[in-house]
Amino acid sequence: MKIIIIGAGKVGYNLALELSKGNHDVTIIDNYSEALAKAEENLDVLCIKGNGVSTNILLEAGIKDADLLIAVTDSDEVNMVCCLTGKKLGAVKTVARIRDPEYAMELAMLKEEIGLDMVINPEHAAAEEIALSLSFPAAIDVENFAKGRVKMIELKINDEMPVAGVRLKDLPNKNLQSALIGAVLRDDKVIIPKGDFQIKNDDIVYVLGNTSGLINFLKLCDVAQVKIRNVMVVGAGRIAYYLSQMLNDMGIRSKLIEIDREKCEDFVSYLPDALIINGDGTDEEVLKSENIGEMDAFVALTGMDEENLIAALVAKQNGAKKVIAKISRTNYMGVIHKLGIDNVICPKLITTRHILKFIRGNSVETLYRIVEGQAEILELIATRGSRIINTPLKKLRLNKDAIVATIVRKNHVVIPHGNDVIQEDDRVIIITKDKNISELDDLL
Amino acid sequence: MNIKMVLRSLGMILICEAIAMMPSLMVSFIYKDGTGVAFFYTIFILLVVGILCVIAVKPENKTIYTRDGFAIVAFGWIMISLFGALPFYLSGSIPSFIDCIFETVSGFTTTGSSILKEVETLPKAILFWRSFTHWIGGMGVLVLTMALFPITGTGAFQVMVAESPGPIPGKLVPKVANTAKILYAIYVLFTFAEIVLLVMAGLPLFDACIHTFGSVGTGGFSSRNTSISSFNNVLVEIIITMFTFMCGVNFSLYYQAIKGNFKAFLKDEEFRFYLAIVLGAILLISIDLCGNVFETIGESIRHSSFQVVTIITTTGYSSTDFNNWPIFSKVILFFLMFIGGCAGSTGGGMKVIRILLLMKSTKTELLRIIHPRGVYPVRIGNKVVEEKYVGEIKNYFFMYMLIFVIAVLVVSLDGFDMLTTLSSVAATLGNIGPGFSVVGPLGNYSEMSVLSKLVLSCAMLIGRLEIYPILLLSIPAFWKKVNI
């Protein structure tokens, strides 16, 4: 596919990185030569210096034959105009990042008028991700598949859990009826476990299943599934705004701490129901006086990475059960995981992932990557004529690096065994280490 | 340095060289000249070493940084020159190994300087390989490797930057591998076109191939002792002039033309300057020659145009012994040796674009004296060239001259006359081939000492790879694992 990316910032760079690996022809346009130089040096892409709004530059980048135009500059307006011009000049599909909440409300109109095929709002996506992970507090991370009918949780195993040291086939069956361990991360390597795989301390397991199946699995691990009732949020930005609304809908009470008086007042006017406290969220005294120890979760969303991390650590030390921190720089992802913060949210990575999902297109519904793409979780729809349907799985010679994790048939979730059959229109969730799978027949 | 990745890439280059030697092996079977064994052994050695490097080395980290890219290019070229010399040595065609290396380096760098006094008696397959090295070296060994193998993924661009000629790197399409394929496709097209035309002009197929490789690669090896003048065929001269001129032009312009943008040629400032230099030089030399060396205007233009094009594109064929020309013409040819072809072409020298940028930059310096606060960017076409590149080019010019001076000093130890000494270095550093006097079109480099041959071989490599890759090897910091 021929893809043009406007904006060589973090999101643009990461997108180009992933896409150029996946056999796409990527051209990046940016005004700043420094950002471009980095892309040119490290990526197999074509870089053009110039303004992405300019028709000439777009033509030079080959917009006429482009299959996709992605506008991810830091300005909403520039992104919209780029997509508008691009579409008129011949781009087949356009994607824009639009983050201003005021535009966000008019998305439907914008999409139609400008001809945008996808709009990504990083802050909204980040808030969604946080809300999702709060729905399974024991897990490090949660991801939705099949429109939420199947969930995947990421769970760290420790010595106290009874499952540690047990082989998969020895796990009690009744707890695993509708959940499955799809992948295990051990020493930074992804393993797709078979029956005689032994779970060890410090493994990170990826479990798929429907909600009740996952709750059963958590019981097996002796992790009580407490429902989150109170959340403390620090930093009144756009993510906090979306998150408060979502939490409100989920029936979770939230308390927001913000250092800037004016912002507090603005916020109250947008969200009359929320409790807003004017204070420094990184100050231990403030947190204690707002009884942080009683909070089920703590989310740090200020604009400063360091403050978020410190605040999260302070909260964890003072007894918050689950702490989440937002960071914008991905450079120290590796270090943060060792600090003891339960979950780290990076809006730019989420944006990248959402756009990648969109590009993967129609046959692939959802895409989730484990450890920088060592393994992928794909959701595919079985179509008529596929060679895989209507044959029991044990009779198919499936790719060794892939497993069929779940089959979703209407509202019914099946964890497949040898005798199960994939039928037409089933949604099939596949975990694979082979990157060349984009449809079901590739499994054979 | 990511040594494992460098080794792996070198392995691929060697495999590529083995593939590139296959046609010569076939030629030796066709003519049954007894050199098949030499080629067979060389290919065998290349494949064993190459495949070992590729299979045995398992790099954990596949990223190639700039330093690694330069290392791959520098070592790659040294390796292919060493291995490429084997057929000459094993077949006994050239007895001294130093001479073999000189001849191979001269081939790959598309110089075309020879140490052979007598080429017509050489086995056909050896002649074929000698010229085929021009063809591979012209577009680049690594570009060929990238076209054939998915060599490096990310970081491949670093390698291309280090190998391809010209100051400002550019790609035709987003993927380096596809760019390499497009370049070679255009190149192969030119090659076939020229072979067909030369055969139609009356050359035997074998000679047509040899001279095609020599001209599209802008090399200059011939299968005749007296180069093109031995044919005395105007049509052949016109065809070769045309193709050498075409191959001295930036190949990206042909890509633009294929995509329908023919105006790219006229819009390209470098191309216009190149054309102007060529036409100007032809005019001056024709006037100088007419009535002086040749009787008619036609004859003067015929030889001056052939000689100007073949020297500026750094090919180095001769249609006549230009050593007998008046000094004014010879000096013009000597200066053309420094200019060379356009960026992104198969030609050598300093490149037209650098000269153009230096002239423009000189103009802005002068203007700055008149308006000390004036802002004068250097422009090519309508685009501003970044200050960084202009600075690099000024430095490049200095380095080029410095290396010229050092090499001249070493060669002067041999005690040849001034013209021989200066022109031999200019002709090898600029990848032209023949110089004047002893190393003139009818002479050769066989009388040079071993030291001079080695220094000139280095000069050829330095000239072809545009100084930096080879020069980096002499800097201690380049070799250190921990670089502080």
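Cβ atoms are placed via backbone N, Cα and C, with glycine included.
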> TrEMBL has B:Thr110, B:Thr111, B:Gly219, B:Thr314, B:Thr315 binding K(+). Which one of B:Asn2, B:Asn431 is in the same site?
Replying inline: B:Asn431
>> Suppose the K(+) site is B:Thr110, B:Thr111, B:Gly219, B:Thr314, B:Thr315, B:Asn431. Which further residues of the same chain have a Cβ inside 8 angstroms of that site's Cβ centroid?
In response: B:Thr109, B:Gly112, B:His134, B:Gly138, B:Gly217, B:Thr218, B:Gly220, B:Thr313, B:Gly316, B:Gly347, B:Gly348, B:Ile432, B:Gly433
> B:Thr315 (K(+) binding site) has how many other Cβ neighbours within 10 Å of its own Cβ?
Replying inline: 36
>> Taking contact to mean 3 or more CB pairs closer than 8 A (sequence separation of 6 or more), are the transmembrane segment (B:454-479) and the transmembrane segment (B:12-31) in contact?
In response: no
> Per 10 Å Cβ neighbour count, which of the binding-site residues B:Thr110, B:Thr314 ranks highest?
Replying inline: B:Thr110
> Going along the chain, which residues at least six beyond the ends of the transmembrane segment (B:182-206) come within the CB cut-off of under 8 Å?
Replying inline: 124, 128, 135, 138-139, 143-144, 147, 172-173, 212-213, 215-216, 223, 231, 233, 235-236, 239-240, 243, 246-247, 251, 254-255, 258, 346
>> For the binding-site residues B:Thr110, B:Gly219, B:Thr315, return the ones with C-beta distance to chain A below 8 angstroms, or 'none'.
In response: none
